[in-house]
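What Swiss-Prot says about this protein:
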REPEAT    7-45  repeat 'HEAT 1'
REPEAT    46-84  repeat 'HEAT 2'
REPEAT    86-123  repeat 'HEAT 3'
REPEAT    207-239  repeat 'HEAT 5'
REPEAT    279-317  repeat 'HEAT 7'
REPEAT    318-356  repeat 'HEAT 8'
REPEAT    358-395  repeat 'HEAT 9'
REPEAT    397-434  repeat 'HEAT 10'
REPEAT    441-479  repeat 'HEAT 11'
REPEAT    480-512  repeat 'HEAT 12'
REPEAT    513-551  repeat 'HEAT 13'
REPEAT    553-584  repeat 'HEAT 14'
Amino acid sequence: MASINTESDDYHPIVILIDELKNEDIQLRLNSIKKLQSIAKALGPERTRTELIPYLQDSVLEDEDEVLVVLSEELGNLIEFVGGAEHAVCLLPPLQILAGAEELVVREKAVESLCKIAKEIPTSSFEESFLPLLFSLSKADWFTSRTSACGLFTVSYPRANAEMKKSLRKTFGGLCHDDTPMVKRAAATNLGSFAKQIEKESVKSEILPLFQSLSTDEQDSVRLLGVENCALLGSMLTNEENIQFILPTIKASSLDKSWRVRYMVARLLKELCESMGTEITKTELIGAFVKLLKDTEAEVRTEASLRIADVCSLLTKEMNIKTILPCVKDLVSDSSQHVRAALAQVIMSLAPIYGKEDTLTHLLELFLHLLKDDFPDVRLNIISKLDQVSKVIGIEMLSQSLLPAIVELAEDHQWRVRLAIIDYIPLLASQLGVEFFDEKLGNLCMTWLGDPVFSIREAATNNLKKLTEVFGVDWAKNNIIPKVLSLHSHPNYLYRMTTLFSISTLSTVVGGDVISSSMVPLLAKMVSDKVPNIRFNVAKTFQTIIPLLDSTIVQSRVKPLLVKLHEDTDKDVKFYASQALQLC
């Protein structure tokens, strides 16, 4: 067995790392493998090639998968430490073994490292060492090696000579017809990227038949990978070739007996439409899309619903209204809440496509329906995209039609829905104007300050800050601050706490005059609150506002209050008061 001579090493830390390669503790071995570059640098290129790499090949390759994953990755980073690209072939033997490992993640990392090396090594080394490795993996008895081989063709083909290119295509074809589904899946996964490296005539004569074979495989796990290849191959072919070779597979896959294959068509529909082109999409793919929107499986309808806006953007408005809109109307009341939630994610994006008049005519009632859905995620998804609609139909029309529903959702039993409404309020306020806001939404913003959920109260205080930035300090001084400060005497201490949070948040935008005239007097009252939590939060609030106040006010009005808090019997109050005093 290969070993590493450490007797003559002057680098004590490196000796320790080398010893840790043999340690029984897996964490120590992992630590050493992660520092393989440091070990190799200390040993030098020659000893790394003649001692370290053989040792790793003989000893470490029997290790735990966790170690092998890291080793597979690190070996690909050793090219410069073995003497550069001309010596990188010494890294191939251990990586070939790792490429045949049982654990998928180990194999994937080994293939990544092999691809990295394949791009670096000289042509002579590539032909004499790398290609034989690829052919060896392709013909290995154990399927794991053959699956790894599938990931090496794309990087190998551009560097091979004409004769070897022919052999590579033939070998890849054999893997596409392998007896093992796992190998065929690996071949299908890599077929598209491999095809991009191949000459157009060879793609048509050799790759397309392989694609059609994989797309009609008895295993649905193989067939669904063929859908992705439809998009990749379609982008390489002409319209006529797509109609002849690719379109039949897309249509067949959209009607496949396995819902997983149909799901993949729905998932990749945007890419399929783009690769096929607008004309084929309009004449051939829309029918398939409509069937997917009406699929018996909720998972397929969900995925298809997410693609509605993408597909509609490729069609004329008339075609949208005639073919897609009826499906959308059905999906609004779909039995699956996940389908409705998916639709709610994208339906607002239809407004710019439809335009103002058709949005009001065809879509507005659907928005309202979804805003009142029983499932909170549906309501949430609609709220988060309201701005897309307001840009199209105008804020006045939005406020007339959707505002009542928005106000209703502001008191929704799901706190996440209330939170989404709060986040949307500043944008809505800037569009509605101050008078409309004060009349319709002003009281609502104050209600949130007393919400039982902390996240809502916190968001509500930040909301007030944003509204002050929109409407100005004078508005806040007259409309918001008096209401916020009035909560300081509320019997529930959480409301009193909200007053303090609001002061801290608003103080950064209202200016020193408002702080000294309105906020400091209130804090002076709250210094004597009976709840210690309130008192130490008063001290924390002072920490926020002291930098914003004139020094004379700090010395004459704030410091005496902090001195009083520093004499408090509660240790937390004393602590935060002492911190605030340091700022005085």
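Going from the start of the chain as shown, residues are counted 1 onward.
Each residue, glycine too, has its Cβ placed from N, Cα and C.
Nonlocal intrachain contacts for the repeat 'HEAT 12' (480-512), taken as residues 6+ away from its ends with a CB within less than 8 angstroms of a stretch CB, comprise 445-446, 449-450, 457-458, 460-462, 464-465, 467-469, 473, 518-519, 522-523, 525-526, 529, 531, 533-534, 537-538, 540-541, 544-545, 548-550, 553. Sequence-remote contacts of a segment are chain residues at least 6 beyond its ends whose Cβ falls under 8 Å from one of its Cβ atoms, and for the repeat 'HEAT 3' (86-123) they are 45, 49, 53, 56-57, 61, 65, 68-69, 71-73, 75-79, 129-130, 133, 136-137, 140, 142, 144-145, 147-149, 151-152, 154-156, 159. Residues in the repeat 'HEAT 7' (279-317) partition by DSSP class (helix H, G, I; strand E, B; coil) as 29 helix, 0 strand, 10 coil. Within the chain carrying the repeat 'HEAT 9' (358-395), a Cβ under 8 angstroms from the stretch's Cβ atoms is held by residues 317, 321, 325, 328-329, 332-333, 337, 340-341, 343-345, 347-352, 401-402, 405-406, 409, 412, 414, 416-417, 420-421, 423-424, 427-428, 431-432, all 6 or more beyond its ends. Secondary structure of the repeat 'HEAT 11' (441-479) per DSSP, as helix, strand and coil residue counts: 34 helix, 0 strand, 5 coil.
In terms of DSSP helix, strand and coil, the repeat 'HEAT 14' (553-584) has 25 helix, 0 strand, 7 coil. The average pLDDT the prediction assigns to the repeat 'HEAT 12' (480-512) is 87.
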